[in-house]
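*Asks:* This is the structure, below, for whatever I ask next.
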Amino acid sequence: MMALKSFALIIAIFAVVTSISHASDPSPLQDFCVAINDTMAHVLVNGKFRKNPEHVAADDFFSSGLNIPGNTSNQLGFAVTGLNVNNFPGLNTLGISFARFDYAPYGLDPPHTNPRGSEILVVVEGMLYVGFVTSTSGPNMRNRLFTKILHPGDVFVFPVGLIHFQLNVGKEAKAVAFTAFSSQNPGYNIVANTLFGSHPPINDDILAKAFQVDEKIVDYIRSQFEWDNN
């Protein structure tokens with residue numbers, strides 16, 4: 001019963017925040033514009049074909065499954081169950097998306113960026129160490145790190161485009177968080193994978209000089225961080 005109340009509180013918080021925030025996606029010019037995987041639909045909006053409004057149903061605005069834990073049996077001990085325009089067509093043009101994050105003990109959502117949306121995260125179980133790093137907006141300015149330890153009920157915001165992370169620091173316990181984005185498709189670029197797992201790969205000379213290391217170290221790092229971005 002408490003879990004149900006907590007989930008209802010999460011939804012209420014996100015509803016208020018997203019209603020008063022300015023989404024990073026363009027403002028819609030209609031009530032809704034449900035996406036459809038049909039090239040015969042002719043009308044393309046926000047990169048998605050538009051479903052005929054006369055054929056739209058309640059199920060286009062409905063999804064389920066966020067009560068099911070994600071599989072954290074991977075290198076990072078982390079899983080994302082995401083709801084964005086690619087799997088939830090009713091989000092098209094609404095400028096929002098949502099996700100469940102599951103962390104194994106010491107699981108990590110690695111340093112990454114969401115290039116198209118800000119993120120607001122609330123912890124519902126466990127304890128997370130979270131943070132983001134600022135950009136350098138002027139001469140002689142350093143990248144600043146902002147961090148916080150979060151417990152159930154705590155909320156933290158990650159500004160759009162900035163490198164950020166979450167680490168489960170609970171003692172041998174799993175953690176769960178829910179997060180909302182100010183974009184229907186915020187993107188997810190893991191820093192390590194972007195630099196060392198791109199296709200085709202970035203030239204070793206460039207990475208070696210950027211990180212001031214030997215090319216053999218670059219090759220080793222590249223072999224360790226070749227997982228897919230979402």
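All positions are counted from 1 along the displayed chain.
Glycine is no exception: its Cβ is also placed from the backbone N, Cα and C atoms.
Note that TrEMBL annotation is computational and uncurated.
As annotated by TrEMBL, Mn(2+) binding site applies to His112, Glu119, His164. Positions annotated as oxalate binding site by TrEMBL: Glu119. The annotation domain 'Cupin type-1' is assigned in TrEMBL to 64-219. Marked as signal peptide by TrEMBL: 1-23.
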*Asks:* Can you give me the average pLDDT across the domain 'Cupin type-1' (64-219), rounded to a whole number?
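*Replies:* Across the residues of the domain 'Cupin type-1' (64-219) the model's pLDDT averages 94 on the 0 to 100 scale.
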*Asks:* State the count of C-beta atoms found within 10 angstroms of the C-beta of His112 (Mn(2+) binding site), not counting that atom itself.
*Replies:* 21
*Asks:* With an 8 Å cut-off on Cβ distance to the His112, Glu119, His164 Cβ center, who else from the chain surrounds the Mn(2+) site?
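*Replies:* Apart from the listed residues, the neighbours are Asp109, Thr113, Asn114, Phe132, Phe158, Leu162, Ile163, Phe165.
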*Asks:* Which ones in the same chain are close to His164 (Mn(2+) binding site), with CB under 8 Å and 6+ residues apart in sequence?
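*Replies:* The list for His164 (Mn(2+) binding site) reads Pro111, His112, Thr113, Glu119, Val130, Gly131, Phe132, Val133, Phe158, given in order along the sequence.
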